[in-house]
Amino acid sequence: MQVYAVGGAIRDELLGKPSQDRDYVVVGATPAEMEAAGYRPVGKDFPVFLHPRTQEEYALARTERKTAMGYKGFAFYCEPDVTLEDDLVRRDLTINAMARAVDADGNLTGPVIDPHGGQRDLAARLFRHVSDAFAEDPVRILRLARFAARFHDFNVAAETMRLMREMVAAGEVDALVPERVWQELARGLMEARPSRMFEVLRECGALARLLPELERLWGVPQRADFHPEVDTGVHVMMVIDCAAALGAPLPVRFAALVHDLGKGTTPEDVLPRHIGHELRSVRLLEEVCARLRVPNECRDLAVVVAREHGHIHRSLELGAAAVVRLLERCDALRKPARFAQALQACEADKRGRKGFEHSDYPQAARLLAAREAAASVDAGAIARACADNVAQIKDRVHAARVEAVAQRLGAQPGE
């Protein structure tokens, strides 16, 4: 049998980038021979094995045949007569359809095997599908869009974009299961330029099918004095790219993505103002989270950011009492880490505007100081002092927090 490194490892080596992908294909072997060599079988749909020493995955070379709609509708053939070229032709993009032989010590040997022009397309910075079999798996649309967020100086070949549009029109995207959609979107959000993922999905028509709440933001105007970029869709893309530049974790990036969904449902007769968009955004993002089965950590932060980002932006103007009410609505005292993430999402929102990309965000430091002051109040001591009148506890604790915040911020308690 012969082992080859394939896909991302070869692509990244040619780009001079460190590789996170390390996939191996084994040609000329049977499952029994792999197990006899010490490999442990783990594949459910087709033969995949863990290396006995490195625990890396090794898959038998295979061909596949479409049997039904969706990304699970495939039959696989994994016999020893499947060649490396047979395996490479089933792959999605030319830049991922290259291989190099691997010796017994796991070292790459010999020339790059490139039957589909992957090196040419790397040089041209193009995403191009290997064959029309690309159309058989709708996940490939999401994967390509995710790659666009990573390799953001690449473009999609015209014939590949045309094929993706045909797939969307044929309803292939509608057959995707929610968990897989979320998995790919989440991975794309964590890339260097997440906006590119959504631009590609929008261009091929998939965004309107998967996230219509986001798609409808393009073309919706905002007040130019607050948003020089005007277009709401453009603004949201700037916000998620700013969150990426800040090194934000996934919950922050997701909150940045969905914080303004309500602007897409603002009545036309009140545009470019968006009164009440915060609560509309909460309702819409909760629908998105339910549909895509978004993790609770991401959903809960997104709700706080969508509901409170306007108040957080204006917090420099708030007195101590209003600041404490804001902290309480955000549950900042019980969940300080989530509150810090909310502030980071709001910073991305404030900076995600044309001409404001490098502006400061003093609101974050002020609110973190206020949270620290409010948290210093000994609520237990107040509760014990009010043992004979427990109805007063909540108001007394609140008043003490207002006083503590006022002292820290140099503001009047009643402001």
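The backbone N, Cα and C atoms fix where each Cβ goes, glycine too.
The 10 Å shell around the Cβ of Arg91 (ATP binding site) contains 22 further Cβ atoms across the protein chains shown. Residues or ranges marked as ATP binding site by Swiss-Prot: Gly8, Arg11, Arg91, Arg143, Arg146.
Here Arg146 (ATP binding site) comes close to Glu184, Arg187, Gly188, Glu191, Met197: these same-chain residues lie at least six apart in sequence, with C-beta atoms under 8 angstroms from its C-beta. As annotated by Swiss-Prot, CTP binding site applies to Gly8, Arg11, Arg91, Arg143, Arg146, with the evidence given as sequence analysis.
In this structure, Asp23 (Mg(2+) binding site) is part of a beta strand by DSSP. The Cβ neighbour count for Asp23 (Mg(2+) binding site), using a 10 Å radius over every protein chain in view, is 18. Residues annotated as Mg(2+) binding site in Swiss-Prot, with sequence analysis given as evidence: Asp21, Asp23.
Under the heading domain 'HD', Swiss-Prot lists 232-333.
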Within the domain 'HD' (232-333), count helix residues (DSSP H, G, I), strand residues (E, B) and coil residues, in that order. 78 helix, 0 strand, 24 coil
Can you give me the residues near the recorded CTP site, meaning same chain, not Gly8, Arg11, Arg91, Arg143, Arg146 themselves, Cβ no more than 8 Å from the center of the site's Cβ atoms? Gly7, Asp21, Asp92, Leu93, Ile95, Asn96, Phe147
Within its own chain, what residues at least 6 apart in sequence put their Cβ under 8 Å from the Cβ of Arg11 (ATP binding site), listed in sequence order? Ser19, Asp21, Ile95, Asn96, Met98, Gly118, Leu122
Inside 10 Å of the Cβ of Gly8 (ATP binding site), count up the other Cβ atoms and send me the figure. 18
